[in-house]
Amino acid sequence: MTSLSKVETGLQTERSSSETQRVKRTKMAELRRQMKTSKHSYILLAPYMLLFGLFTVLPVVMSVLISFTYFNMLEFPRFIGWQNYTRLFLDDDVFLITIKNTMLFAAITGPLSYIACFVFAWIINEMSPKVRALMTLIFYAPSISGNIFFIWQIIFSGDRYGIMNGLLMKFGIIYEPIQWLKTEHYILPILILVQLWLSLGTGFLAFIAGLQTVDRTLYEAAAVDGVRNRWQELWYVTLPSMRPQLMFGAVIQLTTSFAVADVSIYLAGFPSVNYAGETIVTHLIDFGTIRFEMGYASAIATVLFMLMVGTNLIVQKLLRKVGE
Amino acid sequence: MNMTLRLMPRKKRVNRSFAGTVSLFVLLAGFGAFMVLPLIYAINNAFKPLDEIFLFPPRLFVRNPTMSNFTDLINLLGNSWVPFTRYIFNTVFITGMGIVGHVLLASAAAYPLAKHRFPGKGIMFTVVVLSLMFTPAVTAIPNYMIMSWLGMINTYWAVIVPAFAFPLGLYLMKQFIEQIPDALLEAAKIDGASEYRIWWSIIMPNVKPAWLTLVILLFQLLWGSDGNGFIYSEQLKSLHYASTQIVQGGIARAGVGAAVALLLMSVPITLFIFSQSRIIETMATSGMKD
């Protein structure tokens with residue numbers, strides 16, 4: 001009896017499996033047909049996607065794989081398991097500093113620059129087109145001017161000819177010039193300030209554009225519905241209507257604040273005093289281009305990758321709730 | 001259109017308190033000064049004679065403007081080991097090639113992503129969006145290995161070819177193409193146009209604002225590039241690299257350094273002034289949908 005039922009169920013499963021196979025096969029055929037009809041789409045996509053895969057997707061995969069090896073670019077990589085990661089979190093004090101600094105950049109310049117982008121886009125939006133164009137240029141100029149941030153090195157220069165020292169000494173606040181970029185506790189605040197100065201970039205432009213596309217009739221409807229002041233209008237009408245731009249801007253601002261490196265290297269030096277200005281990216285540069293510990297550097301890169309994509313995805317989820 | 005845009009808010013929209021307006025504008029003025037003063041200082045420094053650059057107390061504005069920094073620069077360049085025009089050529093070549101290739105490839109890829117339905121479309125676009133979420137520094141080491149397999153180390157191509165596949169450009173282009181009416185494409189299809197023809201003669205002319213945006217983004221990426229560590233021959237190095245060498249010359253070069261900085265920053269800013277309205281137009285479609 002039992003054996004009979006077993007055979008029966010066995011037959012049934014066999015039948016159902018062959019059925020699923022048939023379904024699978026027709027699905028595959030359908031897919032192949034679809035792919036054939038969209039041949040032109042693939043041909044148009046091919047050159048870009050080939051390069052994108054080669055220089056962005058493949059490197060991410062390679063980076064994860066290399067991070068589990070010891071690799072010095074000369075010998076073949078040797079698999080060492082999680083050793084790079086344990087060393088990173090347990091033995092590398094500098095890495096912990098860089099995590100702290102990078103998180104500070106992400107937590108301070110990220111939100112601050114995001115809010116600045118929005119607030120200034122919002123104020124500028126009320127102006128006449130000509131003034132608006134001028135103000136846009138003024139706010140956007142630093143981020144587009146390339147490496148002009150070197151000017152901050154003169155502003156915070158350690159002698160009395162630097163603007164900051166000069167002003168403070170002129171007004172008698174200090175009597176001796178301060179070595180701004182060589183003093184541990186000034187370095188990070190200055191870098192944050194400069195990073196903020198540089199951060200009204202693509203996200204800012206997206207907000208200006210987004211504000212111009214908000215449907216004007218929504219404001220009238222809101223006024224009828226009892227929205228009483230500008231702040232309510234901002235929360236209930238403006239922000240929800242430009243949620244797509246807000247999400248795009250968040251990605252841009254967060255990614256830039258996680259990636260701080262050039263400013264730190266140029267202004268604070270590399271390495272900076274007591275690693276005060278070191279970020280995850282400069283640590284990665286240190287191991288990747290100076291010490292040639294590629295496995296270890298790849299582990300840093302992998303951690304940075306997880307951190308950035310993770311934070312971005314969480315922020316995207318939060319922003320979906322704006323105005324709800 | 002413009003009239004209604006400007007008149008309507010005044011009539012229909014709720015009012016803001018006077019104090020609120022004043023405080024917002026004070027905020028704007030303060031932050032505006034913070035943004036613009038360093039730039040003004042940089043511009044003025046380029047025209048200061050050396051004794052004014054090292055003046056105590058320091059001054060923002062130049063008193064006796066001089067062109068001597070620029071003439072010094074020309075003299076200095078005449079003596080450099082690699083002729084300075086070579087650095088200019090390198091930067092212009094890298095920037096120009098990168099821009100042309102990127103605009104072509106990104107718009108070709110953006111058209112099917114925006115307008116066609118095909119298997120794999122969703123995943124491709126998701127991966128492009130994900131790649132906006134991390135910095136290129138993450139991929140630097142494997143990139144070096146891939147470049148060396150391809151034999152591109154120490155050539156212009158090591159900087160140019162990866163720029164072709166710059167993800168932000170594809171993303172913005174795709175969002176912009178999406179708002180081109182389908183009717184336009186249908187009409188062309190009925191007339192018997194092939195997909196390539198539609199891309200070239202209908203999509204491309206209609207996305208000129210997006211071209212300009214891609215141009216300026218790539219310009220930003222490539223103009224200030226120092227070779228990303230892939231280029232080490234002096235003859236192939238960029239203008240930006242040469243300029244940092246000059247600035248690092250120390251106190252005696254401070255004036256020349258300021259002149260170089262002014263020249264370097266004036267190009268992208270000029271480009272932006274002329275293309276601003278087009279770029280804003282593109283950014284209007286930049287939003288991320290759920």
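Residue numbering: from 1, along the chain as shown.
Glycine too: its Cβ is placed from the backbone N, Cα and C atoms.
Lifted from TrEMBL, the feature list:
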- A:1-20: compositional bias 'Polar residues' (COMPBIAS)
- A:1-23: region 'Disordered' (REGION)
- A:42-71: transmembrane segment (TRANSMEM)
- A:99-315: domain 'ABC transmembrane type-1' (DOMAIN)
- A:103-125: transmembrane segment (TRANSMEM)
- A:137-155: transmembrane segment (TRANSMEM)
- A:186-209: transmembrane segment (TRANSMEM)
- A:246-268: transmembrane segment (TRANSMEM)
- A:294-315: transmembrane segment (TRANSMEM)
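Residues of the same chain lying 6 or more positions beyond the ends of the transmembrane segment (A:42-71) and with a Cβ under 8 Å from any Cβ of it are 35, 77-85, 293-295, 298-299, 301-302, 305. Distant neighbours of the transmembrane segment (A:186-209): 101, 104-105, 108-109, 112-114, 116-118, 120-122, 124-125, 132, 136, 139-140, 142-144, 149, 152, 156, 178, 180, 242, 245-246, 248-250, 252-253, 256-257, 260, 263-264, 267-268, 272-273, 276-277; these residues of the same chain sit at least 6 beyond its ends, with a Cβ under 8 Å from one of its Cβ atoms.
For the transmembrane segment (A:103-125), the residues of the chain that approach it from at least six positions outside its boundaries are 131-132, 135-136, 139, 188, 191-192, 195-196, 199-200, 203-204, 207-208, 210-212, 234, 238, 246, 249-250, 253-254, 256-258, 260, 279, 311, judged by C-beta separation under 8 angstroms. For the transmembrane segment (A:246-268), the residues of the chain that approach it from at least six positions outside its boundaries are 102, 105-106, 109-110, 113-114, 117-118, 147, 149-150, 152-153, 156, 181, 187, 190-191, 194-195, 198-199, 201-204, 206-207, 210, 239, 276-282, 285, 304, 307-308, 311-312, 315-316, 319-320, 322, judged by C-beta separation under 8 angstroms.
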